[in-house]
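Peer 1: Under the heading transmembrane segment, TrEMBL lists B:12-35, B:56-79, B:99-115, B:127-143, B:181-202, B:209-228, B:240-259, B:271-289, B:295-315, B:410-433.
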Protein chains: 2
Amino acid sequence: MSLEVEDYSVYYPLLVASGLSFIGYKITSAIIPKVKQSFIKIGLFGKDLSKVGKPVIPETIGVIPSIILVLLLFINIPLLFIKNQETSILFPHSKFSEFLSSILCLESILILGLLDDLFDLKWRHKFFLPMFACIPVLVVYYVDYGITTIMVPPFLQNENLIKLIPFIGSTYQNGTIDLKIFYYFYMGCIAIFCPNSINIFAGVNGLEVGQILVLSSIFLINDALYLFTSDLQTTKHAHIFSSTLIIQLFGCSLALYKYNKFPAQVFVGDTFCYFAGMVFGVCGILGHFSKTVLLFFIPQIFNFAYSMPQLFGLVPCPRHRMPKFNEKDGLLYTSRAILDGKTPYDRENKVKKVKPLVIVVLKLLSKVNLIDLEYDKKTGELLTCSNMTLINLVLVWSGPLREDKLCQRLLLLQFAIGICAIVLRHLGGALIYGHDNLFKVY
Amino acid sequence: MSLEVEDYSVYYPLLVASGLSFIGYKITSAIIPKVKQSFIKIGLFGKDLSKVGKPVIPETIGVIPSIILVLLLFINIPLLFIKNQETSILFPHSKFSEFLSSILCLESILILGLLDDLFDLKWRHKFFLPMFACIPVLVVYYVDYGITTIMVPPFLQNENLIKLIPFIGSTYQNGTIDLKIFYYFYMGCIAIFCPNSINIFAGVNGLEVGQILVLSSIFLINDALYLFTSDLQTTKHAHIFSSTLIIQLFGCSLALYKYNKFPAQVFVGDTFCYFAGMVFGVCGILGHFSKTVLLFFIPQIFNFAYSMPQLFGLVPCPRHRMPKFNEKDGLLYTSRAILDGKTPYDRENKVKKVKPLVIVVLKLLSKVNLIDLEYDKKTGELLTCSNMTLINLVLVWSGPLREDKLCQRLLLLQFAIGICAIVLRHLGGALIYGHDNLFKVY
């Protein structure tokens with residue numbers, strides 16, 4: 001309905017993106033098999049532990065689609081921003097610095113990922129770097145929009161209570177509150193969160209790229225909803241911008257998926273996980289839906305939160321937590337952590353003995369089927385628990401699976417959650433606030 | 001004199017750049033010794049052939065100052081471009097996309113350099129990539145200025161002849177000619193030329209970084225000349241932009257020089273040569289003095305042109321052309337190419353026998369002391385010639401030298417040529433055109 005206005009300027013960037021996405025798919029598909037051996041030659045390879053014979057497979061291949069995506073975005077620039085002699089600029093000129101800062105941010109994360117793959121950077125060295133990488137994007141946000149107010153849900157609109165919040169409480173007005181600098185800090189956190197959460201949700205052939213493909217689809221569905229229903233020109237432009245990036249990411253990722261899916265011929269490496277995660281982060285920030293992005297990342301957030309007891313040493317954490325491969329039946333089984341704390345794999349945070357309170361919590365989780373506990377059949381003593389990752393949890397629910405089936409289930413689960421998130425965002429938003437960018441309730 | 005206008009806005013970016021340059025120097029100095037071993041560990045090392053015992057030295061260390069410079073430029077962004085509440089924006093807002101596109105270009109060349117260091121890319125694969133990298137810069141040039149006309153020197157202003165030039169001849173008007181698309185092609189060539197020419201002029205400890213320091217000084221002197229004498233606001237802004245980048249490059253390079261100078265503790269790698277070369281290229285393009293840049297690169301251009309007979313196989317080309325180290329006296333001697341074409345090092349382009357015409361040219365060059373020829377004492381037959389690089393030529397002129405003395409002479413020569421180039425540019429420009437940005441003759 002609202003597409004009538006400036007139809008051409010809506011479709012043109014998407015058309016360009018689709019064409020380039022296809023080219024990206026073709027080039028990535030062609031290059032990966034050619035360069036595989038060069039990666040092994042310079043020491044970038046890993047062993048696939050979930051296969052018979054643990055074959056050696058090139059690692060960090062995700063650099064290829066990342067670089068190709070950057071080159072595609074470069075080609076976008078003259079196509080989208082050069083003055084057209086007859087009509088005016090198609091993609092508004094004010095979007096130029098937005099586009100430049102996005103590519104800048106992506107290239108920075110690409111360099112960071114590459115260094116991480118090469119040198120295995122330490123957490124404390126690399127953790128805050130994505131925030132640096134997104135400085136240009138935040139400055140563009142500041143200069144172009146500078147909107148740092150958020151709406152407070154009606155049931156929380158208690159002026160007396162809100163005024164008590166330090167620093168920002170006094171900005172409360174008409175149901176909105178100005179987060180000021182904290183909003184930029186929040187966006188910086190998104191830039192740290194998106195790349196890392198994708199990188200952590202990994203360990204099965206095809207899962208890294210698969211989740212990126214699923215996330216891209218969710219993002220595109222969300223963008224399409226806005227493009228076809230919103231009347232606001234700025235909202236539309238924000239989502240054209242987002243889909244422009246995502247469509248091209250999708251093409252390059254799909255080519256990588258062909259080689260990374262079960263049985264994997266290549267490993268992705270940190271680079272591509274960081275890179276793709278940053279694409280989503282940038283879309284969220286500059287597309288003004290950074291809060292919605294978090295909804296789309298629910299599986300990754302769950303995986304992270306669920307992992308925390310092991311990451312923080314409350315539950316023993318073996319060096320590898322990926323599912324255990326059984327050579328006899330070719331299936332993956334849940335891998336387990338030994339709860340007496342005497343496992344030789346204990347990380348730096350040596351757990352002597354699991355605390356009684358933690359045991360109680362584990363037993364509670366076991367009751368609601370969120371973990372699998374193993375007891376000594378004779379003494380009834382608690383011996384092990386399944387490792388606390390979403391991958392292992394799905395194996396707890398479904399029993400042993402072949403690697404490709406496991407990946408499929410995880411991706412399906414992710415897609416289902418994503419669709420629910422879209423519904424939740426728009427219907428839920430409408431119900432809470434009385435209206436939504438898409439729907440009006442009252 | 002003209003600094004009175006907007007004094008603050010001239011000094012502020014330079015002040016920021018100087019401060020950050022100092023920080024960059026300190027950080028680079030601190031990080032390099034810490035990470036040296038990690039580079040060796042992952043296979044990034046080389047042997048220093050001009051030392052006793054050929055010690056193993058970490059390679060590609062130039063990645064560190066490159067990344068630090070990029071981070072510094074990121075920190076520039078909020079400092080220079082965020083709206084100031086009292087005054088207006090200090091560094092004009094229109095310069096924002098210029099700044100972003102420059103960093104983008106630099107990051108792209110950083111990635112290219114890193115890949116080249118890792119995978120030893122083939123010439124045909126990497127040659128045109130810098131042109132891709134500078135697409136954003138060219139688009140910014142197109143959108144912001146779009147000036148593609150150049151002045152024709154008065155003694156060439158023959159309208160009838162100029163009109164005969166295909167495509168652009170008809171644009172001749174009032175002594176100027178519009179190069180149109182060819183001007184962009186020319187700027188793209190600058191982006192290819194600057195990084196590669198620095199990378200080729202290498203082979204002696206400290207020369208890669210040393211030449212970057214000398215070039216930076218030349219650029220800064222040129223910028224200062226404009227800043228203190230020009231009345232044109234746009235010219236001033238262009239040179240503030242250029243000096244902002246160069247000042248920070250200087251700081252990071254100086255730290256690298258400490259470790260790369262004789263006796264080298266680290267090798268620079270392709271990355272930093274490409275990267276720094278691109279800084280100069282970008283300054284030239286966006287600072288509107290891309291033609292002057294070529295004057296500053298005369299030593300590199302000479303080195304390239306002088307190398308061509310060997311690069312194109314007219315004269316036999318051994319695998320290494322760096323000077324020959326004599327362990328007994330610790331001096332470097334000119335390395336030589338065997339002219340009978342039977343040397344085992346002949347490249348792909350197998351030269352059977354040097355052509356008589358080439359021999360004549362070599363003998364002519366020898367007459368004007370531009371090459372050293374060696375004859376068989378008995379038969380008088382021509383045996384070898386000194387390898388055709390500027391480094392060897394300086395050794396031909398001065399005789400054997402210790403490595404640090406050789407590097408010093410090369411850098412002094414380069415500095416002297418640079419100063420002459422500045423004089424030539426401004427006085428010569430004034431003499432030819434009757435006026436210059438700085439001087440008026442008639």
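Heads up, the Cβ atoms here are built off N, Cα and C, so glycines get one too.
Describe each of these features in terms of where it is and what it packs against.
Peer 2: Remote same-chain residues near the transmembrane segment (B:56-79) are listed as 16-17, 20-21, 23-24, 27-28, 31-32, 35-37, 39-40, 44-48, 99-100, 102-103, 106-107, 110, 113-114, 117, 208-209, 244-245, 248-249, 252-253, 255-256, 259-260, 264-273, 275, 279 (criterion: CB distance under 8 Å, separation of at least six residues from the stretch ends).
Within its own chain, the transmembrane segment (B:99-115) has Cβ neighbours under 8 Å at 60, 62-63, 66-67, 69-70, 73-74, 76-77, 80-81, 91, 121, 126, 129-130, 132-134, 136-137, 139-140, 191, 195, 241, 245, 269-275, 277-279, 282, 286, counting only residues six or more beyond its boundaries.
Same-chain residues lying 6 or more positions outside the transmembrane segment (B:127-143) and placing a CB less than 8 Å from one of its CB atoms are 97-98, 100-102, 104-105, 108-109, 112, 184, 187-189, 191-192, 195-196, 274, 278, 281-282, 285-286.
Panel annotation: around the transmembrane segment (B:209-228), residues 1-3, 10, 62, 198, 201, 235-236, 238-240, 242-243, 246-247, 249-250, 253-254, 256-257, 260-261, 268, 272-273, 276, 280, 283, 287, 289, 292, 296-297, 299-300, 407, 410-411, 414-415, 418-419, 421-422, 425-426, 437-438 of the same chain, lying at least six beyond its termini, place a Cβ under 8 Å from a Cβ of the stretch.
Residues 60-63, 65-66, 69, 98, 101-102, 105-106, 109-110, 112-114, 116-117, 130, 133-134, 137-138, 140-141, 145, 147, 187, 190-191, 193-199, 202, 208-209, 212, 215, 219, 222-223, 235, 238-239, 241-242, 245-246, 249, 253, 256, 296-297 of the same chain lie 6 or more positions beyond the ends of the transmembrane segment (B:271-289) yet place their CB under 8 Å from a CB of it.
Through the fold, the transmembrane segment (B:295-315) approaches residues 193-194, 197-198, 200-201, 211, 215, 218-219, 222, 280, 321, 337, 339, 347, 349, 351, 354-355, 358, 361-362, 370, 385, 387-390, 393, 410, 413-414, 417-418, 421-422, 424-425 of its own chain, all at least 6 residues removed from its boundaries and within a Cβ separation under 8 Å.
Sequence-distant contacts of the transmembrane segment (B:410-433) (same chain, six or more residues past either end, CB-CB distance under 8 Å): 151, 153-155, 204, 207, 210-211, 213-215, 217-218, 221-222, 225, 292, 295-296, 298-299, 390-391, 394, 439-441.
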